Amino acid sequence: MRLDQVARSLLLKEFVSGFALAMRYLFKPKATINYPFEMGHRSPRFRGEHALRRYPNGEERCIACKLCEAVCPAQAITIEAGPRRNDGTRRTTRYDIDMVKCIYCGMCQEACPVDAIVEGPNFEFSVETREELLYDKQRLLANGDRWEREIARNIAADAPYR
């Protein structure tokens, strides 16, 4: 053994430097959070569970233009449009999203001209069966009603960058 190796092993240099490093981090604030009880910060651009939004008067926003269906790379969206109304507008009779196929790319949200389909802030939507991940229009509208306040706040925060 060389002399420097003997000195290091006798003086326990590695042990002391490791202990000093541990003591340094002991007094710093913790970097981890206790997840189920504490929630970390999410960006306004976070892409979570899908939702269909309504106008303040309660009418659904979707105008059945089918741009989201056309732009979806996973082909997870299926839309059927109803007949035109007396005022010339259309609404959907069927709006389905297969969340198993969805890759959460956000292209449907980008393509929508009236901000009807959005990816909301909810990421805790575990299910027991695969069929529960087939979202129909009623479930999407219920998600929109439940998360509307936070969705509107996120869209407003992101508006300068769109």
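Using the three backbone atoms N, Cα and C, a Cβ is placed for every residue, glycine included.
Feature list (source: Swiss-Prot):
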BINDING   Cys62, Cys65, Cys68, Cys112  [4Fe-4S] cluster 1 binding site
BINDING   Cys72, Cys102, Cys105, Cys108  [4Fe-4S] cluster 2 binding site
DOMAIN    52-82  domain '4Fe-4S ferredoxin-type 1'
DOMAIN    93-122  domain '4Fe-4S ferredoxin-type 2'
Tell me the residue counts in helix, strand and coil for the domain '4Fe-4S ferredoxin-type 1' (52-82), as DSSP assigns them. 5 helix, 8 strand, 18 coil
Please work out the number of neighbouring Cβ atoms within 10 Å of the Cβ of Cys62 ([4Fe-4S] cluster 1 binding site), leaving out its own Cβ. 24
Can you figure out which of Cys65, Cys68, Cys112 (the binding-site residues) comes closest in space to Cys102 ([4Fe-4S] cluster 2 binding site), comparing Cα atoms? Cys68
CB-centroid shell, 8 A cutoff, [4Fe-4S] cluster 2 site Cys72, Cys102, Cys105, Cys108, site residues removed: Cys68, Val71, Pro73, Ala74, Ala76, Ile77, Ile97, Ile103, Tyr104, Gly106, Met107
Measuring CB to CB from Cys108 ([4Fe-4S] cluster 2 binding site), give everything in the same chain under 8 Å that is also at least six residues away in sequence. His50, Cys68, Val71, Cys72, Ile77, Ile117, Glu119
Got a sec? Which of these binding-site residues, Cys65, Cys68, Cys72, Cys105, Cys112, has the most Cβ atoms within 10 Å? Cys68
DSSP puts the residues of the domain '4Fe-4S ferredoxin-type 2' (93-122) at 5 helix, 9 strand, 16 coil
Rounded to the nearest Å, what's the C-alpha distance separating Cys65 ([4Fe-4S] cluster 1 binding site) and Cys105 ([4Fe-4S] cluster 2 binding site)? Just drop the number here, would you? 20
Any idea what the Cα distance is from Cys62 ([4Fe-4S] cluster 1 binding site) over to Cys105 ([4Fe-4S] cluster 2 binding site), rounded to a whole Å? 20
Taking the Cα atoms as reference points, how far is Cys112 ([4Fe-4S] cluster 1 binding site) from Cys105 ([4Fe-4S] cluster 2 binding site) in Å? 14
Around the Cβ of Cys102 ([4Fe-4S] cluster 2 binding site), other Cβ atoms within 10 Å, all chains included, total 21
